[in-house]
Amino acid sequence: MEVLDATSLAERLKWEAKGYWLHFEAETPLEKYPAKQHARRVQEKLGIEEGLIYLSGQQARNNEDSDMPAPFRQLRYFYYLSGGPTLAEALVKYDVDEVYYSDEVSDYIIDWYHHSCNRGKLYTLHDPAKSPIGNHHAPIDSVSLQPAMNVARMIKDEHEIKLIRKANDISSKAHREVLSNILKFTNEAQVEGLFLDVCVSHQAKQQAYDPIAASGPNAGTLHYDANDEDFGKRQLMCLDAGCEYELYASDITRTFPLSSKWPSKEAANIYRLVERMQELCIKRLAPGVRYLDLHILAHQIAIDGLLALGILHNGTKEEIYKAGTSRAFFPHGLGHHIGLEVHDVGQAELMSVRRGKQVLEQSSHLEEGMIVTVEPGIYFSVYALQHFYLPSPVHSKYINLEVLNRYLPVGGVRIEDDILITAKSYENLTTAPKGDEMLEIIQRGRSNVNSIPARRQSGRTQITEDEPPLLRAPGISASTPQSILRPIARSSTMPAELKQDKSVDFEPFEGPSLFSNFRRSMTTDEKIQRWQQDHIPTTATRINLTPSSQYKSVCGSNTREVKHVYMISGSFPPGTARGALREQILPACKQCTILCETLDRLRQSLSMSKESPEAELDVSPVISQKQIRNRRSVSSTARHDLRGDRERPQHSPMTGLANGLSAMCLEPLNHVSESPTPSQRRAGGCTPHWRGQNRADQSGDDALRAAQETQILQSKPSVRSNPATDQLSAKAVSDVLLELQRQGPAAGSDRCTLGKQEGVEGIPAISRAKNFHVSTGGSMVGEARRAEE
């Protein structure tokens with residue numbers, strides 16, 4: 001245990017004052033990266049007593065033509081002996097004595113050279129001319145350092161073994177999750193995505209290499225990395241993927257069926273053969289074993305199995321091995337070192353027959369502390385077979401084409417584990433399931449490992465106490481409250497228009513809409529259809545309407561070629577349903593329109609009378625036109641009133657009727673307006689609504705007992721002057737007034753609406769509802785009788 005004295009503590013506080021935060025929780029050498037131990041090992045391999053090693057780290061840089069940083073990957077040789085992003089962190093986290101900035105290295109080298117009395121060399125990895133150390137007249141060796149470091153890196157210390165074991169644990173959990181979900185997937189990209197998801201959630205953001213998710217024939221390509229094809233009817237998936245934890249790698253491969261059981265006898269046979277190759281080779285692992293011998297053993301087992309399956313024939317095991325035909329199905333080596341690199345360094349290839357220099361250890365024999373992979377495989381590469389082995393008479397005579405064609409759909413099978421060589425045997429660091437355990441996980445559909453949080457099925461789901469603690473991403477402090485770490489639930493409300501959208505990724509909210517007046521805007525097609533209804537006249541009709549005395553038009557005609565304004569009683573015909581009307585495109589009746597315009601002018605004249613009470617309107621000529629043939633008095637009176645020279649009495653008995661009829665005639669199609677203003681109520685006016693009140697009069701003579709709501713269909717006609725208006729007979733106007741009088745009394749403050757009579761298809765109607773103020777001084781009956789007289 002390191003003891004902090006006053007001097008060292010003061011030095012650390014000095015670093016803190018400069019803005020560096022020192023991690024006092026990592027004080028013991030066992031918790032630090034063993035950089036000193038690695039340096040002593042390199043010194044031992046170099047066989048020197050004194051010297052200086054110069055290594056430069058990776059320089060951070062941006063992407064070309066961009067201000068965004070490029071992915072940073074520290075140089076492994078540099079990291080092996082030092083590492084660390086800042087001076088303070090390097091001093092505390094890594095087992096070193098002194099730390100300097102790069103621009104201070106040159107001065108340090110000069111001081112070292114003068115104090116060493118030329119007794120040591122300066123060791124570099126590369127040509128010193130390419131390094132920034134300059135010329136210090138010191139002897140520089142750029143040849144010996146890399147081989148020595150390669151040999152040193154082959155043997156892992158306890159700290160490195162711990163990191164590699166951690167990387168294997170995370171990768172094994174990811175493989176388990178893939179197995180438990182493989183029956184849900186249909187594409188290679190989904191497999192890769194889930195694997196990366198699990199690794200990142202366990203603080204292993206970087207992968208040791210690009211994952212290989214090869215299905216079917218793609219498994220015959222050793223370094224396939226497209227990972228984007230559908231499974232279809234393919235049989236197997238070969239997943240070669242391993243994460244990196246604190247720069248130390250893992251390398252794991254599993255091959256599994258894309259169904260709950262082996263899809264074919266051929267697939268099961270090849271898997272059992274590869275499984276036997278790996279098991280027998282792993283059992284032979286021990287210190288002092290030459291790894292090349294295990295590679296040869298794997299080939300012999302493969303040849304025996306291929307002969308038994310009938311893929312190879314016409315030769316003995318020795319003949320086929322000497323011819324090299326087995327490499328058509330097992331083309332790579334049995335394994336490699338693993339450490340800071342997925343294919344970690346060594347003095348020579350792991351399966352090389354040559355030995356190293358006398359000063360260096362032999363590289364092809366296993367030693368305690370090595371971590372190697374054992375990854376046999378059998379592949380059916382159509383490209384390699386067609387272009388190299390089948391055209392060659394040396395190999396083609398041993399290959400049975402008839403049997404080979406049955407095995408081509410298998411693609412390839414590889415099984416790979418990371419093995420630590422111990423003092424007497426080995427330890428398998430990989431815990432990813434294989435064999436029967438693998439099939440059981442696929443069949444169950446779950447892995448029994450809480451590697452990733454279960455997906456929240458609803459934003460309202462309460463988190464129970466039995467849920468495992470959430471995993472923290474890199475950089476999140478352990479003291480962060482759990483409430484902050486919990487995933488944010490998606491919004492629990494949505495527009496009412498979208499409630500019917502059923503999606504697994506969007507949870508509908510069954511409550512009220514946030515927008516009280518929300519209405520969906522019309523689409524382009526709807527706008528075009530609406531414009532055509534308003535502007536394009538047509539004589540086509542799809543409604544079979546039988547004229548009836550119950551539905552009488554304003555003009556007195558019930559022709560079907562035009563759209564009339566009807567006067568109907570307040571009740572719906574029996575047996576009709578609301579909302580059953582169909583939109584029709586018909587030209588408006590000119591006579592109905594002219595009558596409505598005339599009534600509108602009358603309303604305007606009556607409303608102007610309120611502004612000038614002293615001027616009274618004489619309405620008797622209008623009503624007495626039935627007996628007097630002078631039409632000119634009506635038109636002149638209307639024109640005179642519109643100019644505003646005269647006004648009606650404020651309480652004219654015609655006020656409410658004129659206002660009501662004009663409002664009914666002039667409201668636009670499908671318009672929805674608010675309630676009448678106070679001024680409108682005082683004037684006896686009305687505004688159309690989607691809904692009306694169904695009031696029943698207490699009197700038995702009231703024909704408006706069942707007045708119902710209506711919808712507006714009549715388009716807004718023009719209110720400009722029409723010459724034909726002057727030629728209207730007073731008889732037609734009088735008939736309209738008398739018809740309204742016969743439909744019911746004029747008492748009360750009522751409302752009327754113009755629109756399509758609900759339950760009667762295609763009938764725009766003037767509904768004489770009981771919310772229409774007609775008179776204050778007398779009844780319509782009295783006025784009509786005086787007009788008749």
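One-based numbering along the chain as shown.
Cβ atoms are placed via backbone N, Cα and C, with glycine included.
Annotated Mn(2+) 2-binding residues in Swiss-Prot are ASP240, ASP251, and among GLU98, GLU402, GLU416 the one listed with them is GLU416. Mn(2+) 1 binding, as stated in Swiss-Prot, involves ASP251, GLU416; the candidate among GLU367, GLU368, GLU375 given for that site is GLU375. Annotation for ASP240 (Mn(2+) 2 binding site): spatial neighbours PRO211, ILE212, ALA214, ASP251, ILE252, THR253, ARG414, GLU416, criterion Cβ-Cβ under 8 Å with sequence separation of six or more. Listed binding-site residues: ASP251, GLU375, GLU416. The one with the lowest count of other Cβ atoms within 10 Å of its Cβ is GLU416.
For the recorded Mn(2+) 1 site, residues ASP251, GLU375, GLU416 set the reference point as the centre of their Cβ atoms, and the other residues of that chain within 8 Å of it by Cβ are ASP240, GLY242, ILE252, THR253, GLY335, THR373, VAL374, ARG414, ILE415, ASP417, ASP418.
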